[in-house]
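Notes follow the structure.
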């Protein structure tokens, strides 16, 4: 009988421990982190492959070659964008971990408001710093989303020209890279519907794949923006809770101090009355 009672108490203790651990998880920050990682993964992975597909399309169908020397051409710009993608992936992987850690500490501070946990001034400054940094990153991701929409628009135009060529017989349409700013005005790199390269490009799966990769990358950038907005809401709410917790702690400290003073006064008066009586 005693063994069963001890076993039941042990199971109850484990269950309470699990409930306490689950209660300390910052679920809002966890959802935002998952959304951020998913968005960054889609943007970086699909964006990198879409840029590689763009290089192959330019070299294969437009017969565009790399410029010798240190001249800044479209291929050099694409390489720079790839390195930027590597940096974005690494930076936001670390930033997501930092925000999760901040969420755990803030949740612990709120849960242990009436315990021994003390919210320091440094912790409040870190929360405010994360709010400011997340807001700047949200603006940056808005810019990235707007910039990613440009290749989507370009590939949509190319896809439309290919579709119109197949639907309208005898249509004479040309695609000039100068109108997209890919080459300089002095260079003439265009293909028309009558050329073999244009027909091969429209029939290839590479064009369709690159177009859809850019669309997915755009969706990933949009998901990152939503994650940043979610983080801002979470951080702002945590900041408000922590601020109220600090005020509550000050109130409790003042109240305890006043009660102690009243107790000391009553004790002193009781001693004086006792001495006077004796």
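Every residue gets a Cβ built from N, Cα and C, even glycine.
With respect to the membrane, Swiss-Prot annotates residue 46 and residue 192 as residing on a common side.
Annotated by Swiss-Prot as transmembrane segment, the relevant range among 214-234, 235-255, 256-276 is 214-234.
Tertiary proximity for the transmembrane segment (128-148) is limited to same-chain residues at least six positions away from its ends with a CB under 8 Å from its CB atoms, namely 43, 47, 95, 98-99, 102, 214, 217-218, 221-222, 224-225, 228-229, 231-232, 235-236, 239. Outside the topological domain 'Extracellular' (44-84) by six or more residues, the chain places 148, 151, 177, 182-183, 189, 191, 197-198, 200-201, 206-207, 209-210, 213-214, 216-217, 220 with a CB less than 8 A from a CB of the stretch.
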